[in-house]
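Novice: Got a structure for you, questions after.
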Amino acid sequence: MVSESCPLTLSVHKDKEKLFEDLNGNHKIGTTNKGIGPCYEDKVGRRAIRLCDLENADELNKRVDTLLNYHNAIRQGLNYQMVKKEEILKEIQGILKKILSYKKPVWRILNDFVKEGKKIIFEGAQGTFLDIDHGTYPFVTSSNTVASQAITGSGLSSNAYIIGVVKAYTTRVGNGPFPTEQKNEIGDSLFTIGKELGTVSNRRRRCGWFDAVLVRQAVQLSGVSSIVLTKLNVLDSFDTIKICTSYKYSGKMYDYLPASHSIQEELEPIYEEFSGWKENTQGKSSIEALPINLIKYIDKLEKLIRFLKTYFNFYPIKKILASLKMLSLLYKILL
C-alpha cells in the first residue's frame, strides 16, 4: 500500500535534477538523478501532485497547471525546452490505474495495527549524516533520515524501539566531507572485500575507518536504543585497525561534527590503533567464538559511542532482515 498523500516523482523532476547538477560543474552534489530532490521541493512549495489528486480529473488538471507554471518558468529562464501539459497528463495516465490500486490511508491502518498489539518495523533509507537538517550540508539528501522521520512520515506516535545499524567501518557514496576516508590500499581493500557499490546508482562507495564521533552523534540524534554492528568480517585480514575518536581543526579538538562545511572538509581525524584478529569470523554467532582482538574492538566501540547494548553480525543489513534468526531477535527486542 502507498499513502494517499504521497507526492509523485515525474519526468520534470528528473530533468530539473540533472539540469542543476550539470550547472554545478565541479561542485556537483552527487545526486542519483532520480528526481527525488526536486519532488521534495515541489512538496514543500505546495505544488506537488499527490496520489490522491489522481482520482479527480478536474483537480489533477489544476495541479498539473500549478506544477508547470513553476517548472516551465525555470526552463524558459535557462533556455531549456518547455514541457506541455499533455505530456505530463499522458505520463500520469500511463500509471494512474496501477498506482491508485495501492492508495490507502496508511497512517490510520498503522495506528489500527498498534491498537491490535501488532509489531511494526520501519527500515530507514539512508545514513544519519545525509539528513537535510543534521547532515553534511549541502552534500545531503532532500529529506530527514534520522529515526524520528519514520514517526513523522507514518503518522504514528513516538513510542518506538530504535535499532541503529552501522558497519564496522565507514562508507559514503558521492561527494561530501569524509574525515576518515582512506584513498589508498586500505580503502581499496574495504571496497573490494565489502563489495561496496551504491544500491541505487551502482557507484563505488568511498571507504574509511570507523568514525566513532559520527556514530555517537547519530545515536544521540536518532535516540537509538540498541546497535547492530554489521560486516565485521570485512576487517578479518587487516594487521592494524583504526578507530577515529575525535577531530582536530585549527588547533581545536572536536568530539562532534561541526555544522560548517568548510570546517568539515578540513577536519583531521585522531585515531586509536588496534591489532587485527587475522582470523575468519564469518558465520560466528556468539561472543565466545570471537577472537580476543575482535572482542576488544567491539568493546572499545561501545565505550566510544557510549553504548551498552550491541548486537553483531558478519553480513550486510539486507541479509540480516532476510534471516529468520535475526527477525526473531528483533521481535524479542520490540516486545
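From the backbone N, Cα and C atoms, a Cβ is placed for every residue, glycine too.
Just lifted these from TrEMBL, have a look:
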type     : residues                   : note
ACT_SITE : K43                        : active site
BINDING  : T32, R46, Q126, T141, R203 : IMP binding site
BINDING  : R205                       : GTP binding site
Novice: Round to the nearest Å and give the CA-to-CA distance linking Q126 (IMP binding site) with the residue listed as 'GTP binding site'.
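Specialist: Distance between the two Cα atoms comes out at 14 Å.
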Novice: Look up T32 (IMP binding site) in the DSSP assignment and reduce it to helix, strand or coil.
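Specialist: Looking at the DSSP assignment, T32 (IMP binding site) belongs to neither helix nor strand, so coil.
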Novice: Rank the recorded positions K43, R46, R203, R205 by the number of other Cβ atoms within 10 Å of each Cβ, and give the residue at the low end.
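Specialist: Minimum Cβ neighbour count within 10 Å, taken over the recorded positions K43, R46, R203, R205, occurs at R46.
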Novice: Taking the binding-site residues one at a time (T32, Q126), which has its Cβ surrounded by the most other Cβ atoms within 10 Å?
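Specialist: Ranked by Cβ atoms within 10 Å, first place goes to T32.
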Novice: In whole Å, how far does the CA atom of the residue listed as 'active site' lie from that of T141 (IMP binding site)?
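Specialist: The residue listed as 'active site' and T141 (IMP binding site) have their Cα atoms 15 Å apart.
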Novice: T141 (IMP binding site) to the residue listed as 'GTP binding site': how many Å between their Cα atoms?
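Specialist: Approximately 16 Å lies between the Cα of T141 (IMP binding site) and that of the residue listed as 'GTP binding site'.
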Novice: Determine, to the nearest whole angstrom, how far the Cα atom of R205 (GTP binding site) is from the Cα atom of R46 (IMP binding site).
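Specialist: For R205 (GTP binding site) versus R46 (IMP binding site), the Cα atoms are 35 Å apart.
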Novice: Tally every other Cβ atom lying within 10 Å of the Cβ atom of T141 (IMP binding site).
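Specialist: Step by step: centre on the Cβ of T141 (IMP binding site), count other Cβ atoms within 10 Å, giving 20.
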